[in-house]
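Input: a single structure, listed below in structure tokens.
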């Protein structure tokens with residue numbers, strides 16, 4: 001099975017943030033498992049020169065261990081440094097803002113918590129500056145770093161390095177985020193943005209004084225969203241530009257769906273009509289459903305092959 005590096009890392013970050021009771025047994029066991037996953041993650045894919053899961057999950061693992069004040073083997077850190085230096089965080093020529101941001105947060109944490117020597121700390125500092133500079137360069141006209149989901153990660157880097165007040169790009173990103181808060185619909189995406197809205201980063205978890213933390217977790221009853229009446233017509237086009245695809249256009253039909261329907265709703269409607277028959281498969285993730293198979297064509301993480309969601313004529317959907 002795949003190592004659960006990213007999921008366990010997020011769980012440990014959340015556990016530390018909730019100020020658990022001083023019972024180190026179970027928590028220490030989870031930290032040990034995360035160290036094991038980091039090694040398995042890499043060992044399982046040595047011939048590919050990259051982690052078995054992804055550099056995003058690998059960086060999350062290093063960050064979580066650092067927040068728990070646990071040392072990481074220098075070889076693990078050097079793998080991330082080499083990936084940053086050689087531009088391996090990107091795939092298919094696209095941006096990888098979220099991965100670079102998580103790695104930069106891990107670098108900053110290792111340096112700040114003094115879990116590395118002075119020479120390695122200087123390398124981490126230089127890598128962090130390069131990542132921050134690239135983020136400013138790739139910021140789009142709308143103010144996003146990458147998209148609405150990766151933007152909070154990038155903003156955490158500016159907060160953690162105390163550069164948000166001197167960097168105009170941060171102000172533009174905050175304005176864009178505030179205008180698109182309704183796009184954050186899952187616990188995972190909210191958890192990335194909430195610290196930013198309060199001027200914090202995940203690194204602040206490492207220095208929390210739990211005895212001074214009030215218990216403010218109270219349930220809130222949300223009002224149901226207003227129902228939209230009527231229908232809309234959507235053109236659903238599935239393309240496969242690879243040479244081994246028999247036809248580059250695998251599906252091209254109009255789909256009638258309720259007004260305000262999500263893309264997932266449209267795919268479900270398409271699957272119920274036919275011919276031609278439309279099929280798709282999703283996988284549950286902390287960020288919501290992940291599109292893994294369409295018309296029998298499967299995304300393969302080992303080969304870094306993914307489905308890309310576009311709005312006509314060729315703009316990547318901000319909501320992934």
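Glycine residues also receive a Cβ, built from the backbone N, Cα and C atoms like all the rest.
What TrEMBL annotates here:
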BINDING   53, 54, 55, 56, 57, 98, 147, 192, 307, 308, 309, 317  cyanocob(III)alamin binding site
DISULFID  66-109  disulfide bond
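Shown on the structure are the features that TrEMBL records.
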{"residue": "55", "record": "cyanocob(III)alamin binding site", "contacts (Cβ under 8 Å, 6+ apart)": "80, 83, 88, 89, 96, 99, 103"}
{"residue": "57", "record": "cyanocob(III)alamin binding site", "contacts (Cβ under 8 Å, 6+ apart)": "5, 6, 9, 41, 51"}
{"residue": "66", "record": "disulfide bond", "contacts (Cβ under 8 Å, 6+ apart)": "72, 106, 109, 110, 113, 115, 206"}
{"residue": "307", "record": "cyanocob(III)alamin binding site", "contacts (Cβ under 8 Å, 6+ apart)": "291, 292, 294, 299"}
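Looking at 109, 309, the recorded positions in this record, the fewest other C-beta atoms within 10 angstroms of the C-beta turn up around 309. With the fewest other Cβ atoms inside 10 Å of its Cβ, the least crowded of the binding-site residues 53, 147 in this structure is 147.
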